[in-house]
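Undergrad: Below you'll find the structure I mean.
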Amino acid sequence: MAASVEDEFEDAPDVEPLEPTLKNIIEQKSLKWIFVGGKGGVGKTTCSCSLAVQLAAVRESVLIISTDPAHNISDAFDQKFSKVPTKVKGYDNLFAMEIDPSLGVAELPDEFFEEDNMLSMGKKMMQEAMSAFPGIDEAMSYAEVMRLVKGMNFSVVVFDTAPTGHTLRLLNFPTIVERGLGRLMQIKNQISPFISQMCNMLGLGDMNADQLASKLEETLPVIRSVSEQFKDPEQTTFICVCIAEFLSLYETERLIQELAKCRIDTHNIIVNQLVFPDNERPCKMCEARHKIQSKYLDQMEDLYEDFHIVKLPLLPHEVRGADKVNTFSKQLLEPYSPPKK
């Protein structure tokens, strides 16, 4: 006699929840690109800097890039960073840089462009050409950053991303650039006189649309390579950071669905700023907050049972400076336990 559905469920083994840490990320040596993102104000920067610190302990060289115009990694490490990789104080193999992709190619340092006469004007001409295609200027700035980063051969790159909308544009930049360059190729003959005129006005000599197209096409192999790597779970993953509130949970679910559409791997969620009750010093506000957070935590554990869900506490102090980031980072590897009273 066939077993009933109820019997099958009774016989099925309980599914053990995945370890609530980021050890799986630290131990996956094949990872090249790690994105950390989520809604604004949830502690993405603290988490991404902490992850970079832990990676620096086991990887040869680590770069953390902020693509958030707020540039909070300078605040987190209490050290000023710029558009080029700079060594984090106290570390030999951890570097940081900050870019503002919304400024497009104008944001890139001159070091990104070659020195010879034809290409030294690349920055000015790319700004002029890209302005005709909405979105591609930002995408090209990502592309140039990727070209630089790949040339430096960092073991792993951590992205401290801007809030969700910017992040999705970052992940889609290869498609945007290829589409934009395709349109540029189609109209290059029409804009050739404009390009020549601009070069003469800038005192850069003769340059035609074919030369500009050639300059831009040099970036395409890097873009295609990065695009393939982004879609390879062995090389790329995305860590979602949120807090245990409705809007943050909603944004996280939307982000995970968009990542799936982009074929970007994600299997880790950090739930930050959790309040734990203090029996010795009861606080009605804290208890109410804990109750609300517990409700959303339960929902997350049901919804994301195939994710590593890391729980981090709300702290009574700021995490600022390399030492505090280092201390905080240890909680990514060991499940947090509230102090026993």
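Any Cβ shown, glycine's included, is placed from N, Cα and C.
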Undergrad: Per Swiss-Prot, which one of Glu19, Glu245, Glu287, Glu334 shares the ATP site with Lys39, Gly40, Gly43, Lys44, Thr45, Thr46, Asn272, Pro313, Leu315?
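TA: For the ATP site that includes Lys39, Gly40, Gly43, Lys44, Thr45, Thr46, Asn272, Pro313, Leu315, Swiss-Prot also lists Glu245.
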Undergrad: Roughly how many Å separate the Cα of Pro313 (ATP binding site) from that of Cys283 (Zn(2+) binding site), to the nearest whole number?
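TA: Cys283 (Zn(2+) binding site) has its Cα 16 Å from the Cα of Pro313 (ATP binding site).
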Undergrad: Spatially, and counting Cα to Cα, which of the recorded positions is closest to Gly43 (ATP binding site)? Options: Asp68, Cys283, Cys286.
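TA: If we rank Asp68, Cys283, Cys286 by Cα distance to Gly43 (ATP binding site), first place goes to Asp68.
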Undergrad: Going by DSSP, is Thr45 (ATP binding site) sitting in a helix, a strand, or coil?
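TA: Going by the DSSP assignment, Thr45 (ATP binding site) falls within a helical segment, counted as helix.
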Undergrad: Which entry in the list of binding-site residues, Cys283, Cys286, has its Cβ near the fewest other Cβ atoms, using 10 Å as the limit?
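TA: Cys283, out of the binding-site residues Cys283, Cys286, has the fewest neighbouring Cβ atoms within 10 Å.
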Undergrad: What does the structure give for the C-alpha distance between Glu245 (ATP binding site) and Cys283 (Zn(2+) binding site)? Integer Å is fine.
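TA: Spelling it out, the Cα of Glu245 (ATP binding site) and the Cα of Cys283 (Zn(2+) binding site) are 19 Å apart.
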Undergrad: Could you give the Cα-Cα distance between Lys39 (ATP binding site) and Asp68 (active site), in whole Å?
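TA: For Lys39 (ATP binding site) versus Asp68 (active site), the Cα atoms are 12 Å apart.
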